[in-house]
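S.K.: Among the features that TrEMBL reports, transmembrane segment is placed at A:6-28, A:89-108, A:131-153, A:174-201, A:207-227, A:239-258, A:270-291.
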Amino acid sequence: MLSNIAFYGALETGLIYGLVAFGIYLSFRVLDFPDLTVDGSFPLGAAVAAMLIIAGWNPWLATGAAILAGMAAGAVTALLNVKLKILNLLASILTMIALYSINLRIMGRPNVALLMEDTVLTPWYNLGLEYHQVSVLLFTLVIGATLFLLWRFMKSEIGLAMRATGANARMARAQGIATGGMIILGVAVSNGLVGLAGALFAQSQGAADVTMGVGVIVIGLASLIGGEAVITPTSVFRALLACVVGAIIYRLAIAFALNADVLGLKAQDLNLITAVLVTLAIVLPGARVSLMNKFKRRKA
Amino acid sequence: MANRMLRTLIGASVLAAASFTQAAELPVVAITQIVEHPALDSVYEGIKDELAERGYVDGDNIRIIHESAQGNTGIAAQIARKFIGESPAVIVAIATPSAQTVAAAARNIPVVFSAVTDPVGAKLVISLDAPGANITGVSDMLPIEKHLDLLQRLVPNAKRIGTVYNPGEANAVALVGMIEESMKARDMVLVKAAATKTSEVLGASRSLVDKVDAIYLTTDNTVISAAEAVISVGERSKIPVFAADTATVSRGAVAALGFNYYNHGRQTGAMVVRIMEGAGTADMPVETMDTLDLFVNPEAAARMGMTIADDIIAEAKEVVSNAK
């Protein structure tokens, strides 16, 4: 079944996509803003980091620049929505397709390889760990730090204002919250996280490719919803934890599907499995509640 | 309830990771490809057939495992990890993104790439002649000079050549750049039209009308998927359309000095066999296609307002006929 390396590979990819799930939690759950920008900001982060690393920048600085680029992309989507009154979904689609051209411009070609460059991972290889454990260790630290910062942010005054904006914009405005500004900040931070994920992914996979954003939104959503099904998001901390756990479960499910020759499953079936998993994760918690209600009613 | 589920899941995965390292009785050849696509699929068929012909039969004395990432780099990464975990004899990676993902993860396992146009640009190898590490393979770099020779024989006065390409496809962009270079020496000009999706190919082809003497299509996946659109523009505007692969000739292109992805796979398979029999990758040069067949389509030529000279028809390995 699963070899050690396949297991660590699933953890590694899951941790990176956990950052994507954070971003999607922020836009979808906190702000109620369906944001497809992520399909463009993921390769944007990869492109910016890759080009700067090749230009000789420190990999961490390049990764930081990727976060800023992602934030800028998110801010554009939010501005289209807040200032020009374009429907949020459409605004994000516009930014996403624009980013395809922009990413090609940044890289100058569709694929930029990092295989022979120093990345954020390089110094960690000297720790004496097994090769495939290094990225898991580093990305655990990154996602742990990000989780902590996001958690503190959501509990801060600005974070509370942002949550209020998503929960009830009219009420938030009545309380004196500049809801437009909250949406811009929130969507920017969300895409900054996705840009970070793209930058780390490019560095661990050896290349930035203009096509690497395809389906990021679906995978992020699947992780978010799957995580929420396992860890009920009763607090911000649990919600953030659910993002990480969901992303890892999703990757483990893929790793199992790749290994489940017994069941006759092949990689070709993964898109279908994803769709089924997301549907189940959306439907099941609701079904559980309605079943419980029925049960209670019968008792009464 | 939720916590119990989580515990069970994590428990199951840790158990699986710890205890199920497969005892491989047969040497494994693991083949990963980035997406399912007629050209890439025939590379896979070619590899399998070549291995079988050389006495390496799946399930008999080797085990072939094959996965496609369906265009998703996240899945490609996991496929690479899965393969490395199986300690295969050779990993074959079809197309650039798959090859890079495997290269990033595989340390000591020999890797053979296939259908990669620019392996040096993709940083898979340091040089074509001496790859230097655990990776080598077959490049689908087109014999551009030979193609241009043929084009000039067929349309001697052609100076401005059009091409449609997808700026998002690494292989296509590399090719277009090299074609432009080769054309400079011949006093020809390449007129480029970009199409990022198959639905844009028709519009891009139309933009070439009145600007070019002929159209030359590379092995760009997007454009070849919609080759009929280019061909119909060629027929209506009397601009001959030439292709880089022979399959497009039977779809109505004038001629191609053949690139055939099945044979490309056969050549890749031969390389795999040499590695299985003990050859090292570090000093095994990257190969390019060694068999080129001329395919011509005189009826398509007539529809595009030109005739193919008899001596060229006589040279052709195949004279395709598809009268409409």
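Cβ coordinates come from backbone N, Cα and C, glycine included.
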S.K.: Counting only pairs 6 or more apart in sequence, are there at least 3 Cβ pairs under 8 Å between the transmembrane segment (A:239-258) and the transmembrane segment (A:131-153)?
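M.R.: Touching, yes - the transmembrane segment (A:239-258) and the transmembrane segment (A:131-153) meet the threshold of 3 or more Cβ pairs under 8 Å.
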S.K.: Which residues, given as numbers and ranges, are at least 6 beyond the ends of the transmembrane segment (A:207-227) yet have a Cβ under 8 Å from it?
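M.R.: Answer is 14, 17-18, 20-21, 23-25, 28-29, 35-36, 38-43, 46-47, 49-51, 96, 99-100, 103-104, 107, 110-115, 194, 198, 201, 241-247, 249-250, 274, 277-278, 281-282.
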S.K.: Relative to the transmembrane segment (A:174-201), which of A:6-28, A:89-108, A:131-153 accounts for the most Cβ pairs at distances under 8 Å?
M.R.: A:6-28
